[in-house]
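Quick look at what Swiss-Prot lists:
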{"type": "REGION", "residues": "1-156", "note": "region 'Disordered'"}
{"type": "MOD_RES", "residues": "R108", "note": "omega-N-methylarginine"}
{"type": "MOD_RES", "residues": "R110", "note": "omega-N-methylarginine"}
{"type": "MOD_RES", "residues": "R112", "note": "omega-N-methylarginine"}
{"type": "BINDING", "residues": "N169", "note": "heparin binding site"}
{"type": "REGION", "residues": "261-277", "note": "region 'Heparin-binding'"}
{"type": "SITE", "residues": "K261", "note": "site 'Important for interaction with integrin'"}
{"type": "SITE", "residues": "R262", "note": "site 'Important for interaction with integrin'"}
{"type": "SITE", "residues": "K267", "note": "site 'Important for interaction with integrin'"}
Amino acid sequence: MVGVGGGDVEDVTPRPGGCQISGRGARGCNGIPGAAAWEAALPRRRPRRHPSVNPRSRAAGSPRTRGRRTKERPSGSRLGDHGRGRALPGGRVGGRGRGRAPERVGGRGRGRGTAAPRAAPAARGSRPGPAGTMAAGSITTLPALPEDGGSGAFPPGHFKDPKRLYCKNGGFFLRIHPDGRVDGVREKSDPHIKLQLQAEERGVVSIKGVCANRYLAMKEDGRLLASKCVTDECFFFERLESNNYNTYRSRKYTSWYVALKRTGQYKLGSKTGPGQKAILFLPMSAKS
């Protein structure tokens with residue numbers, strides 16, 4: 001109420017005795033006549049809801065934040081389609097998995113461990129030959145021949161162990177006879193297939209029959225013969241091919257190769273060439 005002098009006057013309207021006014025209505029007035037009607041006349045306050053509980057505000061959002069992100073994706077979070085996990089920095093990328101492996105990439109797995117590195121392929125070893133142990137891929141690295149070119153006995157310690165040259169074409173071993181003939185034979189017990197390879201220079205070798213005491217030579221007409229003395233026709237370029245077979249090409253007649261036919265006879269040098277099976281040989285140990 002407002003007083004005559006403009007000052008405020010306290011409201012002294014009588015209320016039922018024993019009533020206490022609270023923020024949500026009168027308490028203790030249920031037993032007083034007329035208290036119910038008086039309480040109904042009081043203004044009621046509706047309880048306020050927290051903004052986070054209001055479903056409309058949660059669905060629609062405020063105009064200021066609608067249509068934009070309020071938080072940036074943390075660094076190292078997972079990238080990809082419907083992923084739910086957040087991997088550590090350097091985490092996996094792509095897929096729908098929920099794994100948290102820090103290093104795994106791709107896939108849909110849910111593993112939590114780092115993938116084990118794939119084992120390196122085993123080194124290619126020597127393949128066993130049909131007639132014994134094979135020195136596949138070996139290149140002769142031997143000292144040079146004596147300057148006098150003598151055909152005497154080999155000085156001890158100057159040569160590697162004797163070899164057998166196994167031809168891929170027909171499965172023959174290169175054989176040098178004491179009378180100078182050259183051919184192939186399948187029996188590995190034949191003593192004339194035991195050969196001594198000696199390096200004259202890098203990549204160049206001579207081939208000598210241990211029992212025949214003769215050197216393999218390529219003649220000008222392409223024939224293979226065994227010479228008692230070392231000449232310029234007795235040296236061959238030794239090359240390791242990609243299939244682990246060796247080829248022996250004449251140093252004097254550079255387009256001709258040592259070769260054996262499927263019948264076991266030697267092949268004329270003029271009829272040989274790269275890629276033929278007849279020119280492929282495997283050096284095998286003669287001790288077995």
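Any Cβ shown, glycine's included, is placed from N, Cα and C.
Predicted, not measured: the structure shown is a model, and the values here were computed from it.
Shown on the structure are the features that Swiss-Prot records.
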{"residue": "N169", "record": "heparin binding site", "DSSP (3 states)": "coil"}
{"residue": "K261", "record": "site 'Important for interaction with integrin'", "DSSP (3 states)": "coil"}
{"residue": "K267", "record": "site 'Important for interaction with integrin'", "DSSP (3 states)": "coil"}
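Same-chain neighbours of the region 'Heparin-binding' (261-277): 168-170, 172, 182-186, 218, 221-224, 247, 250, 253, 255, counting only residues six or more beyond its ends whose CB sits under 8 Å from a CB of the stretch. Taking the C-alpha positions, the distance from N169 (heparin binding site) to R262 (site 'Important for interaction with integrin') comes to 6 Å.
Each residue contributes its Cα atom, and for K261 (site 'Important for interaction with integrin') and K267 (site 'Important for interaction with integrin') these two points are 6 Å apart. The most densely surrounded of the recorded sites K261, R262, K267, judged by C-beta neighbours within 10 angstroms, is K267.
Of all Cβ atoms in the shown protein chains, 19 besides its own fall within 10 Å of the Cβ of N169 (heparin binding site).
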